[in-house]
Structures are given as C-alpha cells and as structure tokens.
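Summarising the annotation, Swiss-Prot assigns ATP binding site to Gly40, Ala41, Ser42, Gly43, Ser44, Gly45, Lys46, Ser47. Annotated domain 'ABC transporter' per Swiss-Prot: 6-238, in sequence order, evidence recorded as sequence analysis.
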Amino acid sequence: MTKPIITFNNVSKTFEDSGTQVLKNINFDLEEGKFYTLLGASGSGKSTILNIMAGLLDASSGDIYLDGERINDLPINKRDIHTVFQNYALFPHMTVFENVAFALKLKKVDKKEIAKRVKETLKMVQLEGYENRSIQKLSGGQRQRVAIARAIINQPRVVLLDEPLSALDLKLRTEMQYELRELQQRLGITFVFVTHDQEEALAMSDWVFVMNEGEIVQSGTPVDIYDEPINHFVANFIGESNIINGTMIEDYLVSFNGKEFESVDGGMRPNEPVEVVIRPEDLQITLPEEGKLQVKVDTQLFRGVHYEIIAYDELGNEWMIHSTRKAIEGEVIGLDFTPEDLHIMRLNETEEEFDARIEEYVEMDESEDGLINAIEEERNEENL
C-alpha cells in the first residue's frame, strides 16, 4: 500500500449531552486517488466519520492524520478537504459563477485567474455556459453539479460527499453516479462518499466500508463485499440473500435442509454450526426431480429484468429466486446451484477473526501442498 492520505487511528465519538457513543474504535487508511464509500443505515455513524474528517466535529478519542500530519486540532479552513453536503449548501442569491468562484475570491485570487478556473471547472461538470444562471432556476441535477464544481475548484486533496444524490430521482441519480465516478478518475482526487444505498456503493466505489451501530463491520472491494459477506448483517444488508442455517461437516462439505452439499469454503471446525448464503440470481429453476432442493412457489413479482419469486421448502425456509422464467404459483420446482454459489459464514464472526482464519487456513493448505509435493518427489527418485 502507498502512503495513506487519510488515517483514522482508534477514533471514537461520544456525544457528551446524551452520552451516546456513535463511533467505536474506527481504524482505516485511505489511499490517494481512490473512491471510498461509507455505507450504512441511518444512525450507523457514517456521516459522523465524514464530519470528523472535515473538522466539523471533534473526535472523543483517537487520532486523525492527513498526509501523515495529525489534524485533530487543525481548523476546517486549514485542511485540504472540501465537503459536498446533502442539501448542496449553495448561496441562492448568487449566480452559478459567483457560487463556484466564492472560495477563490476569499483567497483573493486574481480576477482573470478566477474567470479561467471557473470556466474550466464548469466545463468539467457539464455546466459550460451556465455562469450567469440563477441557482434558483437550476434543476436538482444542475445544482448538484454546481456543488461539485465549487468543491473541486480549489483542487483539494480530498472531497467528502454526504449523500449528495439522495434527493434526485432514480434516472438522474444513475446518471450522476456515472458522472461522479468519471470525474473522480479524471481528477485523481480522493473521494469519500456517504450513502445508505447499497447499489450506489457497489457501482461507484474502489473500496467500501460497511457500517453498523458505530462500527466498521466489513471493508473491501465491491465484489468482495457482495460475494464474501462475513456475517449475517452484511449478507442481509448488501443485496438480496437466502440465508440458511447449516453445519460445516468438514472442509468443502456443508449440510443444510437435511442434505450434504459440496462447497469451496474451509478452515472451520468439523460439524461447526454455520450460515449458508445463496444469492437469488445464483439459483436455477429445474424440474423437481433434477433439483438439489425442492420448493413450492408462493408469490412472484415482475421486476423488469427478472421475476422475483418467493418459494418455501418443506422445512418452512423462505427462498427468493431471480429468474427470467415466469413460475406458476403453487407449483413445486427444483433449485440447482454449484459449490461456488454457496458462501459459508461462521456465526457472528468479525472481520478481524475472518481475516485471521483465512490466513491460517491458507498457510496450512500451502504447508500440506508442500508436504504432498515432497512425498511425490521422493517417490519419483525411488523409482529412478
């Protein structure tokens, strides 16, 4: 990893008036030029992290570093960080030009330089020619672009975005996701984005921090977070999941619904209780006799790109299936899946415990492979 641009070291936050602890020992390093997302439900602590990073809130304990310099006591205007707020915080009585140029005027930048940089920045956010437009006459998407232009005109090291797309309609929000991601990659500025929208986080980010009750419960690439959730909360929060109680018989063999199935997971105790995750899109509908499981279709909804089918097995477990084929309500169908479609989770395992287990398991696996290779080499020498 390259030198981090921002570091949180055991950062906690408790509001003194209520005694409520909203952050618990937050630790992370952010690299320069990447798109990070803090993802969580309302009250999870994600906006508190953003406000501490910006200097709008003080941490109760722990250290915050920018480029290796401790900034806990550094004033907001001394931090090379800019925030785009949910309500955009634009000046309604000013024009687009005046809003974007505001920070440069405070720094007493030359008028010609201001005009040049405002024009360049508005072009970046596709608002060229809007310089004299009143803020009050702009659409929601246009106001969003003005707020972003104002944030990047000073070329800060870090841009913080506090749910800036939440007020936009679905189509415009999707368009802005593409624009924000493309802009961040073009500028090479570190973006830290806050959202409760899982699809938004997965679509835009290089790295996602999933938060719950003031803690980071899992962090990783969008693919890691989606394909390898470490516990029930993450699996249930990120996308749709079928989560079934099971037993890990041994490495690569799991039991649930009274049957044994091959898997690709290992490193757990023999006969350890586990939870099995199968994503709805990984379940294939078959004839009942051809399926690994049999379920009875209860209801279905057409979602445009697929049917969302709810079915129940004989044990009463609910199954969600995404299929391009329409099912018949009341019909018994088979469900097929591969070992790779099963993700096995230990009960209540933390990210630290998960990482330690995987590291130990990989080392053990490599050691066994080395022993097998040594035995085979010895046999080959004896045969010569």
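Placed from the backbone N, Cα and C atoms, the Cβ positions cover glycine too.
This view paints the features noted in Swiss-Prot onto the structure.
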residue: Gly40; record: ATP binding site; CB count, 10 Å: 26
residue: Ala41; record: ATP binding site; CB count, 10 Å: 11
residue: Ser42; record: ATP binding site; CB count, 10 Å: 8
residue: Gly43; record: ATP binding site; CB count, 10 Å: 14
residue: Ser44; record: ATP binding site; CB count, 10 Å: 24
residue: Gly45; record: ATP binding site; CB count, 10 Å: 22
residue: Lys46; record: ATP binding site; CB count, 10 Å: 27
residue: Ser47; record: ATP binding site; CB count, 10 Å: 20
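Same-chain residues with CB within 8 A of the center of the Gly40, Ala41, Ser42, Gly43, Ser44, Gly45, Lys46, Ser47 CB atoms, the ATP site residues themselves not counted, are Thr48, His196, Met211. Mean pLDDT of the predicted structure over the domain 'ABC transporter' (6-238): 91. DSSP assigns Ser47 (ATP binding site) to a helix.
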